[in-house]
Amino acid sequence: MMRPGARQYVVTRPLYSEDSFAEEHEKVYRQRKTMLDHLKLYFTFDVKRVKHAALSLLPVIGWLRIYRIKEWLLPDVVSGVSTGLVAVLQGMAYGLLASLPPWYGLFSAFFPVVIYFFMGTSRHISVGPFPVLCLMIGSVVTRLIPDEGPPVNITGLEGLSVDDQRVLVASSVTFLVGIMQLGMGLLQVGFVVMYLSDTLVSGFTTAAAIHILVSQLKFVLGLQVSGFSGPLSLIYTLEVIFNKITSTNVCDLVIALIIMAMVFIVKELNDKFKSKLPVPIPIEAIMTVIACGVSYGFDFENKFGIDVVGHIPQGYESPVAPNLQIFQETAMEAFPMAIVGFAVAFSVAKVYSVKHDYTIDGNQELIAFGVSNMFGATFKSFAASTALSRSAVQESTGGKTQVAGLISAIIVMIVTLAIGFLLAPLPKSVLGAVVIVNLKGMLMQFRDIPYLWRRDKPDCVVWLCTCTASILLGLDLGLAVGLGVELISVVLRVQFPRCSVLANIMGTDIYKDRKDYFSIFEPEGVKIFRIPSPIFFANIDFFKNKLVEALGFNPLQILKKRNKALRRIKKLLKNGDLQWTSMGFLNTTCGSIGDSEDQDNMEELDQPIDFKDLPAQIDWNRDLPANIFVPKVEVHSLILDFAAVSFLDISALKGLKTMLKELIRIDIEVYIVACDPYILEKLHDCCFFDEEVQPSMFFLTLHDAMLNILDKHSEQTEKNPDHGKIITTVTVHNSLKIREKDVCDPVFQLLFL
C-alpha cells in the first residue's frame with residue numbers, strides 16, 4: 001500500500017544465497033553457439049541473406065525506395081550546389097596541402113563522392129579532401145619526392161616530371177589506404193575506431209591544424225620553402241620561414257589578409273543568422289571569383305610576382321595502376337591515414353545520424369571509404385574523408401540525402417571539364433588564406449584544456465600528450481604516442497581502481513562508502529569491501545593490498561603467527577611445561593618459559609590450523625599462555641561486493657582463491673555478493689571450489705549476506721543496541737512484469753526470519 005505523498009516500497013521475500021536462489025528459481029536454458037555454429041551461419045546462403053547483403057553493400061537501394069521527391073529533391077539540389085561551390089575551392093586548396101598541383105584536389109572532390117553515393121550509410125556528410133589527411137599525404141610525398149635533392153629510388157618514376165612523380169606517390173598511397181579500409185570493413189573490425197577517444201581526436205586534430213597553418217604560411221607570405229617530413233619538421237619549416245621573412249611578397253600577404261578577414265567576418269555572420277538565412281553565403285566562392293578577376297585584370301603574376309594556380313587541364317586523366325614499390329615504402333604511414341580518415345568521417349556521420357534519427361554502419365562505412373579511395377586513386381585523386389566545414393554546409397543548407405553529395409560532385413565535374421581555365425589567375429595565397437580560415441574550429445579546441453583539467457585530469461593528459469607529440473614528432477608518430485598514452489591511462493584506471501569500505505545507511509537496505517555519509521551503521525566484526533573494476537593479472541596484487549589495508553591486518557601473517565604459536569604450545573604440552581585444566585592452560589614450571597624459535601618446517605606455517613592432539617580449541621582473541629602473543633582479529637565476517645566486477649582471468653582466480661583460503665583459515669567468514677552469473681559459471685568450470693572455498697559463500701545481494709551474518713551471530717548482535725538499525729523488512733507495491741502465467745501477486749516477500 002502506497003503512503004500518501006511518499007515513494008516507498010515494501011518487499012517480503014526469503015533470504016537468498018546463490019545456491020538457495022538457484023534451487024527455488026529455475027533458469028531458462030539457453031544454448032550457446034559455438035564458433036563452428038557461427039561459421040556455418042556466416043557461410044549459409046539463402047534469398048533473405050543475399051537480399052540483406054545487397055542492401056548492406058549498397059545502402060542507396062534502401063533509402064532511394066523511400067525518397068520523397070517533392071519534399072527532398074529541391075533541398076538536396078540547393079544543398080548540392082552550395083556544397084559544390086565550397087568543394088571546388090577547398091579541393092584546390094587542400095591539393096596544395098598534399099604537395100600536389102591544385103587541380104588534383106578537384107579529382108578528390110569528385111570520384112570518391114560518386115562511389116560513396118552508392119555505398120555510404122551516412123546521408124549528410126560531404127565526402128572529399130580532409131586537411132589532416134592531405135597534410136599526412138603531403139608529408140609522404142615530400143619524403144619520397146623532396147623539393148630539393150633526388151627522389152627515393154623507386155622503379156616506375158623514371159622519366160616522369162616532379163609533379164607526375166608526386167601524383168603517382170599520392171595515388172599509390174591512397175590506393176593502399178583504400179585496401180586497408182576495405183580489408184578492415186570486410187573483417188568487421190570497424191570497432192577499432194572506438195579506441196580513438198574524442199579527447200585523443202581533439203588533441204590530434206588540433207596539432208594537425210597547427211601543422212596545416214604552418215604549411216600555408218609559405219603561400220600567404222609568398223615564400224619558396226622546401227617541404228620537410230619526419231620528427232621536428234614543423235620546427236625546421238618555421239626556421240626556414242623566419243630566415244626568409246624579409247623576402248615576403250607584400251602583395252600576397254595583403255591579398256591573404258583581406259581574404260581571411262572577409263571570409264572570417266561573413267562566416268561569423270552565417271553562424272549568427274543561420275536561422276534567418278535560407279542558405280549560408282558562399283563567401284569563399286565569392287572571394288575566389290573576385291580575386292581571380294582582380295588578379296587577371298591587374299596582371300598580378302607579372303607585375304607583383306605572385307604565385308598563381310596557372311594552367312588547369314580540362315577533363316580527367318587516364319587511370320593509372322598503383323606502384324607496388326611505393327606500397328612497401330609507405331605501408332607504415334598509410335595505416336594511420338586509414339584510421340584517421342575513417343575515424344573523423346565516422347564521428348561526423350554519427351553526429352548527424354543521431355540528429356536526424358537514422359542508423360549508420362561502421363563496417364559498411366569502412367567498405368565505402370575503402371572502395372571510394374581505391375577507385376579515386378585509379379584516377380589520380382588522393383585520400384578522401386570528410387571536411388567538417390563542408391559537411392556542415394551540406395547539412396545546414398537542407399541536404400536530406402547523398403543526392404546533395406552527388407550534385408556537388410556534378411558541380412565539381414563542370415568546373416573540371418568546362419570552366420576550370422577561369423581559375424588559372426587565382427593567387428595561391430587566396431587558397432592558403434581559405435585553408436587557414438577554415439582551421440578556426442580545430443584551433444578553438446585549445447579551449448578544451450581548462451575544461452578537461454577541471455573535469456578529468458587523465459583525459460587532459462591524453463589531450464596534451466597527443467597534441468604535443470603530433471606537433472613535434474609528426475602526425476603519424478603523434479597518433480601512435482597519443483594512442484599509447486590513452487591505453488596506458490585506461491590500464492592505470494583499471495589497475496588502480498578506487499576500492500572502498502561500505503557501510504549500511506541506517507534504516508535502509510542501501511550500502512554506501514563509509515566516508516561519504518554521516519548516518520551509517522557498521523555491525524561489529526563485519527567489513528564490507530567493494531571492488532569497482534574487473535580483477536585480472538595486473539590488479540590482483542593491488543586488490544589484495546587494498547583489502548589488507550581495509551581489514552587492518554594481513555591474514556597470511558596472522559595465520560603464520562597462529563600456526564607458530566600452536567606449534568609452540570604443542571611442544572610445551574609435550575615437554576610438560578604446560579597443562580590443560582578446566583580453567584585453561586596452566587604453567588607447571590616455577591620460572592618463566594623461554595621464547596624459543598623453531599626454524600623447522602617454516603614453510604608449513606601457511607597451512608590450515610590443526611588442533612589435533614590438543615585437549616581443546618584455542619580462542620585466539622584471549623590471552624595465551626607462556627608469554628605467547630598473537631594479534632587479535634576483531635573481524636569475524638567479510639563481505640566482498642562483486643557488483644562492478646565484470647570478469648576474472650586465471651591469474652585473478654588463483655590469487656582470489658589463495659586470499660580466500662587465508663581468510664577462512666583464520667576463522668573469518670567470507671561472503672561474495674552480486675557476482676555476475678557468467679563469473680560464477682566460470683568459477684565452477686575452473687574448479688575454483690573445494691572443501692574450504694565453497695559455493696555457499698555466494699549471496700544474491702549485499703543485504704542478503706548481511707542478514708545472514710546477523711542471524712549467524714545473533715548472540716553478539718542482540719547485545720548490540722544498534723542492531724535495530726539494520727532494516728529487515730522491505731515492502732513493494734508496484735505492477736511488475738511476471739514471466740509465469742500463474743504468478744499474479746505483485747507483492748513479494750523479503751523478511752529476515
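Counting begins at 1 with the first residue displayed.
Any Cβ shown, glycine's included, is placed from N, Cα and C.
Taken as a whole, the domain 'STAS' (516-709) shows an average pLDDT of 84 in this prediction. The domain 'STAS' annotation in TrEMBL covers 516-709.
Counting same-chain residues at least six beyond the ends of the transmembrane segment (73-97), those with a Cβ under 8 angstroms from any Cβ of the stretch are 103-106, 108-109, 126, 128-131, 134-135, 138, 212, 215-216, 219, 278-280, 282, 284-285, 288, 309, 382, 387, 389-390, 393-395, 397-401, 403-412, 415, 423, 426, 428, 431-432, 434-435, 438. Taken from TrEMBL, the feature transmembrane segment covers 73-97 (among others).
Residues annotated as transmembrane segment in TrEMBL: 103-120 (among others).
TrEMBL lists 127-146 (among others) with the feature transmembrane segment.
Here the transmembrane segment (166-187) has Cβ contacts under 8 Å with residues 98-101, 104, 137, 140-141, 144-145, 156-157, 160, 320, 322-323, 326-327, 330-331, 333-335, 337-338, 341-342, 363-378, 380-383 of the same chain, all six or more residues outside its ends. Residues annotated as transmembrane segment in TrEMBL: 166-187 (among others).
Within its own chain, the transmembrane segment (199-221) is flanked in space by residues 96-97, 131-132, 135, 138, 234, 237-238, 241, 245, 248-249, 252-253, 256, 307, 340, 343-344, 347, 428-429, 431-433, 435-436, 439, 442-443, 445-446, 448, 452, 459-460, 462-471, 475, 478-479, 482-483, 486, which lie at least six positions past its ends and keep a Cβ under 8 Å from the stretch. What TrEMBL records for 199-221 (among others) is transmembrane segment.
The annotation transmembrane segment is assigned in TrEMBL to 241-266 (among others). The list of residues near the transmembrane segment (241-266) in space but at least 6 beyond its ends in sequence, with Cβ under 8 angstroms from a Cβ of it, reads 214, 217-225, 281, 283-284, 287, 291, 300, 304-307, 427, 429-430, 432-434, 436-437, 440.
The feature transmembrane segment is assigned by TrEMBL to 334-354 (among others). Within the chain carrying the transmembrane segment (334-354), a Cβ under 8 angstroms from the stretch's Cβ atoms is held by residues 121-125, 127, 130, 132-133, 136-137, 173, 176-177, 180-181, 184, 190, 192-193, 196, 198, 201, 204-205, 327, 360, 362, 365-366, 369, 373, 383-386, 388, 391, 395, 475-476, 479-480, all 6 or more beyond its ends.
The annotation transmembrane segment is assigned in TrEMBL to 366-383 (among others).
Feature annotation from TrEMBL assigns transmembrane segment to 403-424 (among others).
Sequence-distant contacts of the transmembrane segment (461-485), counting only residues of its own chain at least 6 positions beyond either end whose CB sits under 8 Å from a CB of the stretch, comprise 132, 135-136, 139, 195-197, 199-200, 202-204, 206-208, 210-211, 229-235, 332-333, 336, 339-340, 448-449, 452. If you look up TrEMBL, you'll see 461-485 (among others) marked as transmembrane segment.
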